[in-house]
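According to Swiss-Prot, the protein has these features:
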{"type": "DOMAIN", "residues": "104-287", "note": "domain 'ATP-grasp'"}
{"type": "BINDING", "residues": "Lys141, Glu178, Tyr179, Asp187, Arg211, Ser212, Asn213", "note": "ATP binding site"}
{"type": "BINDING", "residues": "Asp248, Glu260", "note": "Mn(2+) 1 binding site"}
{"type": "BINDING", "residues": "Asp248, Glu260", "note": "Mg(2+) 1 binding site"}
{"type": "BINDING", "residues": "Glu260, Asn262", "note": "Mn(2+) 2 binding site"}
{"type": "BINDING", "residues": "Glu260, Asn262", "note": "Mg(2+) 2 binding site"}
Amino acid sequence: MKIGILSQFPELYSTRRLVAACESRGHEAVVINTLNCYMNINSIKPSIHYQGQELTGFDAIIPRIHASVTFYGCAVVRQFEMMGVFAANDSISIARSRDKLRALQLLSRKGIGMPITGFANKPNDIPDLINMVGGAPLVIKLLEGTQGIGVVLAETKTAAESVIEAFLGLKANIMLQEYIKESNGSDIRCFVVGDKVVASMKRQGPEGDFRSNLHLGGCGEKVKITPKERKMAVAAVKAMGLVVAGVDILRSNRGPLILEVNSAPGIEGIEQTTGISVTEPIVEYIEKMVLAQKSNRPVIA
């Protein structure tokens, strides 16, 4: 097969590992910078061009769309879909998961546990919003933030009001979430492919920081997840319509809570922490789906 890897960063560990996984299974892997693609949108033969040439002959793509280019990246993925190319994560699912508020609403609809979350537009709604999520301490998040950036822990009601007013004054979209103190600055990252959790790790934030993101200096360690956590992770991915995703879970006194579903999860941290390849299952899943697509038969993922 000919598999395109949509990534702005060919030198990244994640990109290199995906290329290696494709090639080790006998496939041709082509890294395509998403932002350098341009599209011919028509009703007869939609196409994508890249560096002056039309992209043809692709059986599948693996989107690694950076959050900062979600709109254009989803347009490129959608164009590949219109050309009949299988996408490991389709454009609609990526867009769903990137809209943090919409993602939480979808999880809520499916009855999947998550931290109590509040969202408002007007400053005079702030006091009631704070009470709604259980009062201080509480977490304030920018909807557009990624990798722990734009996430603030407000220890008191006064601090929360000040931060919220400042964000709203900048016309920023924010949401409030209850603070799960018992998680102690840690979470569980589950790497899901299809209907399986192929690897999982516990992430612990640096001392004094409640955020567990590895990009912010957190560390990872192997962890054994419970059957309930495994089931919740897969259910959360399905709620988004994704195939490949990272699911972040908080362990709380009332059970596991889904924090986020990431459509382009980091690969380096979880592979180096667990010693498990997460890229091979991705390619294996693509093989199964493309074969089924070509033979026009249903697949049991």
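Keep in mind that glycine also has a Cβ here, set from the backbone N, Cα and C atoms.
Shown on the structure are the features that Swiss-Prot records.
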{"residue": "Lys141", "record": "ATP binding site", "Cβ neighbours (10 Å)": "21"}
{"residue": "Glu178", "record": "ATP binding site", "Cβ neighbours (10 Å)": "19"}
{"residue": "Tyr179", "record": "ATP binding site", "Cβ neighbours (10 Å)": "19"}
{"residue": "Asp187", "record": "ATP binding site", "Cβ neighbours (10 Å)": "24"}
{"residue": "Asp248", "record": "Mn(2+) 1 binding site", "Cβ neighbours (10 Å)": "20"}
{"residue": "Glu260", "record": "Mn(2+) 1 binding site", "Cβ neighbours (10 Å)": "22"}
{"residue": "Asn262", "record": "Mn(2+) 2 binding site", "Cβ neighbours (10 Å)": "22"}
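Within 10 Å (C-alpha to C-alpha) of Lys141 (ATP binding site) lies none of the binding-site residues Asp248, Glu260, Asn262. Geometry remark: Asn262 (Mn(2+) 2 binding site) versus Glu178 (ATP binding site), CA distance 20 Å. Taking only the Cα positions, the spacing between Tyr179 (ATP binding site) and Glu260 (Mn(2+) 1 binding site) is 15 angstrom. Here the C-alpha separation of Glu178 (ATP binding site) and Glu260 (Mn(2+) 1 binding site) works out to 14 Å.
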